[in-house]
Structure formats: structure tokens, C-alpha cells
Amino acid sequence: MLGAALRRCAVAATTRADPRGLLHSARTPGPAVAIQSVRCYSHGSQETDEEFDARWVTYFNKPDIDAWELRKGINTLVTYDMVPEPKIIDAALRACRRLNDFASTVRILEVVKDKAGPHKEIYPYVIQELRPTLNELGISTPEELGLDKV
């Protein structure tokens, strides 16, 4: 209510009536209205690495996840400046298998390789950790499919 009253006062102060009774904008500015600056801080607690991993594993382990939610989760995960932990990738690959979405499994593995960037030891480590899951689900790596040469 105070904000509305201040706006009404500011509008009234910036208009004047001429001799015919018509309202016109005043040539001089009205009284200055104090604007309070607000700082936007994140007051929430920081998410730990374990909580982050658990959140994404839970997301991909949803039994009723659909293809759109899967792609949305993968795309969101890709935007982070990090390589996902193997347990997150494992959950995502299992979600792909539940949906029979082979293309997404290959895309996930390609993204992991791309996110590793110049650190050549990360991708082989992730594949080594995921090898039992890849064998269980019958998923081939992009290298096994020959996609790394394309």
C-alpha cells in the first residue's frame, strides 16, 4: 500500500493544471522518490557433491520417467561445468534402456568424452567404471561403433 501511495504522490507532483483545467506534465521534476536497492543473495545452503549425485541418480531412477524427461535431465546435466560421476551416468543409461532409447545412450557417452576435454584420463576411467553396466545392458561405446572416426 505504501508503494501505491508513493506512486500516486509522484504522479500528482509531476502534473499541473493550466488555466483551462487541463492536466499537463510539469516541466520540473517532482519530489525525488527514494529507491531502495535490494541485494539478491542466495541464502540457501550449498548442495554437497553427495547430495548432487543423489539428486540426479534419483531423477534418472524414476520408474515413470519418459523420453522428454530423460532428454531434459541429460541436457540440464550437460550444462554444468563438470563431468558427471559414473553413478549418475549409470542411472541415466539404465533409464535409456528402460525407454529403449539407444541413441541417447550413445549421446550420453559422447557428451562425457566431450566434457572431459583435454583431460584424457577421465573418459577411460568413466568407461572402466561403467563397463559392467554397458555389458549388462548391451550398450556399445561410440569407439566400438566406429563413431569416433566420423
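Heads up, the Cβ atoms here are built off N, Cα and C, so glycines get one too.
In sequence order, Asp53, Val57 are the residues of the chain that are 6 or more apart from Lys87 (N6-acetyllysine) and have a CB within less than 8 Å of its CB. Classification of Lys87 (N6-acetyllysine) by DSSP places it within a helix. Annotated N6-acetyllysine per Swiss-Prot: Lys87 (among others), in sequence order, evidence recorded as similarity to another entry.
Classification of Lys113 (N6-acetyllysine) by DSSP places it within a helix. Around Lys113 (N6-acetyllysine), the same-chain residues six or more apart in sequence whose CB sits under 8 Å from its CB are Tyr123, Pro142, listed in sequence order. The N6-acetyllysine annotation in Swiss-Prot covers Lys113 (among others).
Annotation source Swiss-Prot lists phosphothreonine at Thr141. Within the same chain, the residues at least 6 positions away from Thr141 (phosphothreonine) whose Cβ sits under 8 Å from its Cβ are Leu109, Ile127, Leu134, listed in sequence order. Following the DSSP three-state reduction, the secondary structure of Thr141 (phosphothreonine) is coil.
Look at Swiss-Prot and you will find 2-17 tagged as motif 'SIFI-degron', backed by experimental evidence.
Feature annotation from Swiss-Prot assigns transit peptide to 1-41; the stated evidence is experimental evidence.
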